[in-house]
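Asker: In case it helps, TrEMBL gives these features for our protein:
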ACT_SITE  B:HIS236  active site, tele-phosphohistidine intermediate
ACT_SITE  B:GLU309  active site, proton donor/acceptor
BINDING   B:ARG235, B:HIS236, B:GLY237, B:GLU238, B:SER239, B:VAL240, B:TYR241, B:ASN242, B:ARG288  substrate binding site
COMPBIAS  B:434-456  compositional bias 'Polar residues'
DOMAIN    B:4-223  domain '6-phosphofructo-2-kinase'
REGION    B:432-456  region 'Disordered'
Protein chains: 2
Amino acid sequence: MSSNNYTNKKNLNICVILVGLPCRGKTFISNKIKTYLTWVMINCKIFNIGDYRRKQLGNVLDEFINVDSDFYNAENVEALKIRLNSYEQALDDMTKWFQTNEGVAVLDGTSSTREHRKWLLERLRKQHIEPVFVESYCDDQELINLNIQELIKSSPDKKDFNFYEEKIKNYIKVYESLNQFEDEKDYTFVKLMKMSNGLEQAVINKVQSYLESKILFYVMNLNYLKPSKVIWLSRHGESVYNVEKKIGGDSRLSERGLLYARKIPKLLKEQGFDEENQMTAWTSTLVRTNETAQYLPFQQVLPWRALNELDAGLCDGMTYEEIEEKYPEDFKERDDNKFEYRYKGGESYKDVVLRLEPVMMELERQSNILIITHQAVLRCIYAYFMNIPQDQSPWVAIPLHTLIKLEVRPYGACKVTLIKANIPAVSTYKEKGTSSVGENSDITNNSSRNLLTDSL
Amino acid sequence: MSSNNYTNKKNLNICVILVGLPCRGKTFISNKIKTYLTWVMINCKIFNIGDYRRKQLGNVLDEFINVDSDFYNAENVEALKIRLNSYEQALDDMTKWFQTNEGVAVLDGTSSTREHRKWLLERLRKQHIEPVFVESYCDDQELINLNIQELIKSSPDKKDFNFYEEKIKNYIKVYESLNQFEDEKDYTFVKLMKMSNGLEQAVINKVQSYLESKILFYVMNLNYLKPSKVIWLSRHGESVYNVEKKIGGDSRLSERGLLYARKIPKLLKEQGFDEENQMTAWTSTLVRTNETAQYLPFQQVLPWRALNELDAGLCDGMTYEEIEEKYPEDFKERDDNKFEYRYKGGESYKDVVLRLEPVMMELERQSNILIITHQAVLRCIYAYFMNIPQDQSPWVAIPLHTLIKLEVRPYGACKVTLIKANIPAVSTYKEKGTSSVGENSDITNNSSRNLLTDSL
């Protein structure tokens, strides 16, 4: 995992340090950084200070009870010790992790004071880990309240709204934003600002390497304070090539495929989609996704070349049986490392991930998007949202004639709902080690393809 | 050119509007944006307001004579007319350009007042062109003086230092920086700040699309106020595979290749390289570039996987004759569109450009770098710095055992010097339409490979 095109050994290792008051999207940003870096094959591990503090204090002494304004008072020796201990333990574990890993660590805490950040910086630099601060600064009460409500929903603590409001008030007493003009002006940081007066800015300071700028660039594209949204995914309807068991090509839809295309608007309506919603469809530039999108009551249908199916090169237009016969060794090689295997004259899943980056970045910025694309591309997109490791992503079963509803939430994993159109289609799922694909649309649960079927 | 992986048709069209006082690197930034976008196959055209103004006023009336503080005075109707006319003409040409092109236009002028920027914004939006402002804001007199000196060197006007100082003073009287907190806070912009107190920040505001953020991200990586630098390039020394006329592989250096490796430090010294200079070598991860770097008196040699040779896939280890015999159709196809042709199971030049992006971005940030890499990769890097169109870049002749010195300058093109080691080596240059490569190291000038040989 450590070898990739984005880095040389000098760029690594980086520690991203979150800065900000509670309910400013820090944990969401941390999780997203990990998702993104893992997806582009850069090692990443999150060290959550809250977890360390809870471990230290025991489950009885909840962090929220102990952290009042006095907790960050430098004269409160006991609290200072606990606070530093949590960070010490996190940093110790981080050091251990860097001994056997190259990559990016994320320190998910509040790191609210200048003194504390200075201490972190010096400690990390001693170990040749480069600190990068990411601050979320927001005074927009509406956005903050929204985040508190989301936290209440997902938190096992069952705390109420007032509790979080009080907690934030206590933090505000000691909080010092990154001092971008004076003593912290030499730090590498991004300060993300969303203000009640409509100001929406990012200040980027002293970026040292490409990998750092890549991370900050990604973070800037996130809707970290309003992350809840629904993304719709679908494969194109059954194509003539699907029926003929051929891969690739640019064939039209079969009759059943056209039935599915006609049915999508109804499926969306059943899910509460309102034509008043300004939804946009993204398709590939191939005929079968465009035909699938043709009956959508949307204002915009945008074709992306980056959403085209994985290029099967020489094998384009062949059946799996033909490929196995003609290129038996390649066929086996692909099964052994499907993510990295590159079709002769074509692409690997890894290549597809690389070209999908712009789409994912744009997707992070948007809402109300329905993506109609192809099996391999959808696997890559699905792996991103569901944090599926890249060695498993090419084996995810995504059936035809099924609409996928992905609910992105600020805390916790995405929620997936599969909406079947109940229009028969061939199965295009190829089992590992065989060249046969299923005969019908019913997906049965088995080890190699249980990632999506678990949700069915 | 308009179809690429970075965009859907909605992202386009964008107009990047430079903002800033004279000698703040605006023209350098404009040129770099064009270089970069062209390199990643996005259409880009620069509209230089100075050129339009000069055309309008005639060569006799120099812009510098006419632009005094009064020129931007709203009561100076004549000057206002001239100023607006230059912009009007540029915008008219831009509108025409967008009628037949998708992509990014760059408006290279000072656009110094809020009123003017508002006028631009409204005019562009009416034509569905999305304005993106890029401001260079700098109060560091040392950096500014450096830029004035460079301008004097390259300008055909032969003006002196005082002239530029006076010119800037006149502009300062009317200049209004982007008002990031009030009436311009809804514009899409990046405000690049380099201040005499060491502050080095970028403020990014309301980015609307991935392509916009990509452009701003690139601009942020530029050393736009101190761009003069030298970049050293070299292919690895002659390898055993080179001698055997095989492509790809991971062979060691030939005896002559080792002689070249031993000679590089001497060549650098002859060019004035001092061991006190902290120079860094970047190599690929392949044996032949590492062996070539082994005698360098540098502190750091960093291998990048992204610098590995174009993957020839199935053809790896074959000679051109063997490829022609085994895959005659592919061989012809590659000659017809060498930039896009993807070797079976391997890569195209286009793929290489995609994976080189991080290296180029890092290279923009660095100085004192010697890159030791491979023929195809070097062609891509060379095309970037020399603005060679991508359909021609795969045909650039880059001989073995030759050190390339690239002098990057703030105004005008890079200066290239080829330093021959005078150690014989095979030629690995394959003529279009043949499978034969040259027999010796002497490059003769001919139409298909005159890009580098012109400089020999």
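Cβ from N, Cα, C; glycine included.
Where the annotation comes from TrEMBL, it is an automatic prediction and has not been curated.
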Asker: Return the maximum Cα to Cα distance in Å (whole number) over the record's substrate-binding residues: B:ARG235, B:HIS236, B:GLY237, B:GLU238, B:SER239, B:VAL240, B:TYR241, B:ASN242, B:ARG288.
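Answerer: It comes out at 14 Å between the most distant Cα atoms.
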Asker: Starting from the substrate site formed by B:ARG235, B:HIS236, B:GLY237, B:GLU238, B:SER239, B:VAL240, B:TYR241, B:ASN242, B:ARG288, give every other residue of that chain whose CB sits within 8 Å of the mean position of their CB atoms, in sequence order.
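Answerer: Sorted by sequence, the hits are B:VAL243, B:SER251, B:LEU253, B:SER254, B:GLY257, B:THR292, B:LEU400.
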Asker: Taking the Cβ of B:ARG288 (substrate binding site) as the reference point, list residues of the same chain whose Cβ is under 8 angstroms away and which are at least six residues distant in sequence.
Answerer: B:HIS236, B:GLY237, B:SER239, B:ASP250, B:SER251, B:ARG252, B:LEU253, B:GLY257
Asker: Determine, from DSSP, whether B:HIS236 (active site, tele-phosphohistidine intermediate) sits in helix, strand or coil.
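Answerer: Note: B:HIS236 (active site, tele-phosphohistidine intermediate) is coil by DSSP, not helix or strand.
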Asker: Reported as an integer number of Å, what is the Cα distance between the residue listed as 'active site, proton donor/acceptor' and B:ARG235 (substrate binding site)?
Answerer: 10
Asker: With a 10 Å radius around each C-beta, find which of these recorded positions (B:HIS236, B:GLY237, B:SER239, B:GLU309) has the fewest other C-beta atoms nearby.
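Answerer: Comparing Cβ neighbour counts within 10 Å for the recorded positions B:HIS236, B:GLY237, B:SER239, B:GLU309 gives B:GLU309.
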Asker: Counting Cβ atoms within 10 Å of each candidate's own Cβ, which of the binding-site residues B:ARG235, B:TYR241 comes out highest?
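Answerer: Of the binding-site residues B:ARG235, B:TYR241, the highest Cβ count within 10 Å belongs to B:ARG235.
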Asker: Mean pLDDT for the domain '6-phosphofructo-2-kinase' (B:4-223), rounded to an integer?
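Answerer: For the domain '6-phosphofructo-2-kinase' (B:4-223), the model's average pLDDT rounds to 84.
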